[in-house]
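S.K.: Mind having a look at this structure? Questions to follow.
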Amino acid sequence: MYPTALTQLARSNLFSSPLFNIQKVEEPKQSLHGQRTRTLAAAATSDDVVFGSSKYYALCGFGGILSCGLTHTVMVPLDLVKCRLQVDPEKFKSIGNGFRLTVKEDGVRGLAKGWAPTFIGYSMQGLCKFGFYEVFKVFYSDLLGEENTYLWRTSLYLAASASAEFFADIALAPMEAVKVRIQTKPGYANTLRECVPKMYAEEGVWAFYKGVVPLWMRQIPYTMMKFSCFERTVELLYKHAVPKPRSECTKSEQLVVTFVAGYIAGVFCAIVSHPADSVVSVLNKESGSTATQVLKKLGPKGVWKGLVARIIMIGTLTALQWFIYDSVKVYFRLPRPAPPEMPESLKKKLGLTE
């Protein structure tokens, strides 16, 4: 029998691996078609879509397109002001000042600059982010087995989200570069069709991918926090805040929990990823600069410019993204796994049951 103290610590610590290993891990059972059954502790089935099927992943990717593409496009005015605060803090001194100057110089329509590359880029990012997250979560779960999937679930969320975001940023990078160039370089270009050929003529294909490494620096920690914090927050909300089990909650009540957990995750995401976001904004504005040069130029204080605007933006974005994504699952009747529970076999090994 394992010591009770270690058991409780492993169960309560959100972001660390367990302090012990289960030596005996049973191999996943084989299905009738020779494929391993899903070992994700919270896996569910649906009359319409099978969990882990190609259709399931495709619809999850579609949910990602809607959740990221729509929300980022709606937030373009705030994102534009945030970027200008980062790249020109002498001129744009606050959120309110940034909005006033933008409207004064470019009119109300100027607040929508960069909406097209934002919609296209973040739709592609959402497709890869949410779709690949579901793929990698099941893949890594199959490697771990049911018991270790529960014990190492936070590490599973971190690994799956990091893997998904690696590919999502490659899809996002070209349109992110175009968006920032339009928003932060007055007079350069006003539309996607005007900006793309001009960037290509000046710097070639590299113009669209020179920000991919800073994007990884910004987005991978952001996404790891976004998914792991969300998953664990949902688990804790149902355990400590919601007065009844998830199975007894209506779909609307479940979506409220999704929104709250998404906003909490979004605040942490904004803080973790903001320094790299500042570097990306300046890098895509200035030709010929490197991430290291921009970081030195901004300094320790400069990388935190625009943080309040980003917290407001990312907190709202993340909450809406999870709400939309979960709503798509509800609409298409996709399997929506409940928060994970300790497998009975593991309870017996830990001496938690008779």
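Cβ coordinates come from backbone N, Cα and C, glycine included.
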S.K.: May I ask you to indicate which of 155-173, 307-325 is given in TrEMBL as transmembrane segment?
M.R.: 307-325
S.K.: Counting by DSSP, what is the helix, strand and coil composition of the repeat 'Solcar' (152-236)?
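M.R.: Taking each residue of the repeat 'Solcar' (152-236) in turn, the totals are 73 helix, 0 strand, 12 coil.
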S.K.: How about long-range neighbours of the transmembrane segment (255-276): same chain, 6 or more residues beyond its ends, C-beta under 8 Å?
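M.R.: Residues packing against the transmembrane segment (255-276) from afar: 214-215, 217-219, 221-223, 225-227, 229-230, 233-234, 237-238, 242, 249, 303-304, 306-307, 310-311, 313-323, 326-327, 330.
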